[in-house]
Each structure stands twice: as C-alpha cells, then as structure tokens.
Amino acid sequence: MGTHRLVSELSLDKPLHPVRVKVICKGPTVVGSGFQKTVLIIGDEKGNTIQATLVRDLEASADMPLEEGHSYEIKDFELSHVIPERVRLTRNRYNINITKSSVVLKIDPIKHFSFYCFPNWDDLYRGLHHPKFPIDIYGQVIGVGFLEEYIMEPVNGNNGIIDHKIRFFVLHIPNVVIKCVAYGALAHVFNDLWNSIDADIVLCVLQCWQINWGQGRLKRVTNIDGISKIVFDPIGVPEIDDLRLRIANEDF
C-alpha cells in the first residue's frame, strides 16, 4: 500500500502520506445543511491517537465507512488544527478531515492490543491533569445507584427535556474511590449491563470520560455524550489482569 505515516508524525509542514489506523470510537452523526458529519477517534499501531471528522453529502449511501473496531488505510485526507473547545478528544493538535475525495481501504487489524491511556493517579488527584483532555479509568465497580431523572439544560430557547443519569463508584486502587456519573443513553446502557451481571466482583474500564474539578481536587468523572464507553470485565488489558490477580491474592 506504499509509504504511510504514524498519526503522531502528521504535520501541516510535511506532505500528507497515508495513515493506517483503527477506529477506536465513532461518535454520533450530526446532520447539517447538505452534509452529515461524524466525529471519530482513531489510533495507529504505536498507540498514538488523533481526532478525525468524516464529512459526507446528505445523499451519500447510508452505509457509512470506517466502522468502530475495524482498521483502515486512509489517504488523500485533509489536515487542520483542532478547533479550540472545552473538551479535546485526544492530545494531538491536529484533526484529520475525511472528505468525499479521500480514499479509505480496509486493512488487516492493527496489532496494538489496547488504546487505553490510564493517567498517573497522583498527578490526577493533585490536579496536574488538564480537564480539557478525557481520561481512561479502570477499577472495581462499587456503590451503584438507580436511574434518576434530571432536566437537561435548555438549548436554542427550548425548554430542557427530561433525561436520566446513574451514579456509581469505581475503586481504582486501595482506598481510592472515584465518583462517576453516567448521563443519557450511557446511563441506560450501564444500568442494563449492571442488572444483567451475576458476580460479586465486577471490574471495568471507563474510556474517554471527562474530569470535573471541585475545590481544587477531582470531584467526579462524567461521560461525553456519544463518545464515552464503559466496558465490564474487559479481556487483554494488562492493568485489569493485574487487578484480577491482586484481588485473587487478597492484595486489594
């Protein structure tokens, strides 16, 4: 397939060679005036990640390329700086724009086993992790609440609509408990998964969750609508495997 680059090597000052990536997350599709836009998080074989935007005409086929969990070679894309927002999905300063001129080829699966990036807990607790960047967290699920109704903030003059949230806690390391709140559709996903599990100990990974600070310290983490995920009892994650071993040895 020719020369390709890691996403960490991309620059507006260099020729844009193809990239080979795995789709880590595929966000919701937003329909605009004559187009449809989908935000993606993609990563290369070295674990580097970058945000991407797939833009297609409204009359384009409903079968969207770039399915979550699959790997692709992408060429003839455009590169732009990430638009400053309250939350940036990756630390890469660029955004890959995939347009109708881009070429997308499905390839063999990217070998990198996991794209989780767990922060140093001491740095996180001391406020050294910038809240604009989402984080991944792993641990044992404890203290799960019930689905609660809440009123969303009004948008464009419309009254706030009623949605649901659920509170729970993740025991990250001994004596460190993280308060978590899932809102909207993910609250229902979490509630259904939790109620379907028959186990005394449930481990999880929260992927791409947002930090909320309070009084100079971590207050809670919340989901980013359409982006954040929760995985119960994931397989092939070294940190989870180590945690299982520590629990089995009663060292947790």
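Note: Cβ is positioned from N, Cα and C throughout, glycine not excepted.
TrEMBL lists 9-105 with the feature domain 'Replication protein A 70 kDa DNA-binding subunit B/D first OB fold'.
Per-residue confidence over the domain 'Replication protein A 70 kDa DNA-binding subunit B/D first OB fold' (9-105) averages 89 (mean pLDDT, predicted model). Applying DSSP to the domain 'Replication protein A 70 kDa DNA-binding subunit B/D first OB fold' (9-105) sorts its residues as follows: 1 helix, 48 strand, 48 coil.
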